[in-house]
Amino acid sequence: MDRKLNLDRAETFSFINPWIRYFLFFFSFLFWIFSLLIVAIGVYAKVQKVTDTVRDTFFVDPAVILIVVGVIMFFITFCGCIGALRENIRLLKMFSFSLTLVFLTQLAMAILGFFYSDQTRDALGKFVRKAIVHYRDDLDLQNLMDYVQKEFKCCGWNNYTDWSWNLYFNCTPANPSSERCAVPYSCCTPIPGEAVINTMCGFGVQTQNHLEANRSIYAVGCADKAVMWMESHLLLVGALALGLALPQIAGIVLSQILISQIQDEITLRLHRCEATARVCV
């Protein structure tokens, strides 16, 4: 009786922990749904644009960025979701490798950004310059720039005169635009009790010196404001970095544990088959 019970237990024993397997499955499934949502929002934003003839805005288009991020997330989480559900080692290895690659890329970018801050600032400056140049060409880009300038209370990248990079706001005498030497309304300091936003508040500001401009707009550039914000919110920045890193590390660790358990289970099943074959003979 005891021998039969022990044999039954041996037959039903499995190295695969169901808690780890299903936790990894639901973990991947949750982010898989989230990736679909990101792609859907990006596609919707891209389709809703009336015109998109400027190819140079492709890499600074928020809709395109959402689609690319969503597709990458979809591929990685799909491998983790199906790999955990079907106990597929190949998919789990692909999931673990992709997640490790993404994590190491982010870590490398953070380290390089810290040690090569000037080069990082120049690279971001080129990105922002392109966004300023095409400010009027892409509505999503325009809304993003306005949001950043309002939230950080800044104007331009280095200072408010950066808006001269834009064709409409260019401050050269030959510019026929009615917005010549102006800045977007998002650079303007809000007037208490103002019911209607004055979209012309930044007109002619680029002809003024820093002290004069500071009376009506945020004259400081967004690069300096972003650094000041991070220095004054180090705890929040650390929490965001940790919140971004922990799910990736958890996914890598859980997938590696599950891979090891599946390999042990395959070895156990092979031994069982060999033992059964010897008994049968």
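Note that Cβ sites are derived from N, Cα and C of the backbone, with glycine treated the same way.
Straight from TrEMBL, the features:
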DISULFID  Cys154-Cys187  disulfide bond
DISULFID  Cys155-Cys171  disulfide bond
TRANSMEM  20-44  transmembrane segment
TRANSMEM  64-85  transmembrane segment
TRANSMEM  97-116  transmembrane segment
TRANSMEM  234-259  transmembrane segment
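When Cβ-Cβ distances under 8 Å to the transmembrane segment (97-116) are tallied for each of 20-44, 64-85, 234-259, the top count falls to 234-259. Here Cys171 (disulfide bond) is positioned 19 angstrom away from Cys154 (disulfide bond), judged by their C-alpha atoms. Rounded to a whole value, the Cα-Cα separation of Cys155 (disulfide bond) and Cys187 (disulfide bond) is 5 Å. Long-range Cβ neighbours of Cys187 (disulfide bond) (same chain, at least 6 residues apart, Cβ-Cβ under 8 Å): Gln149, Cys154, Cys155, Gly156, Tyr160, Trp163, Gly202, Val205, Ile217, Tyr218. A C-beta separation below 8 Å, combined with a sequence spacing of at least six in one chain, links Cys171 (disulfide bond) to Thr161, Ser164, Arg180, Cys181, Gln206, Thr207.
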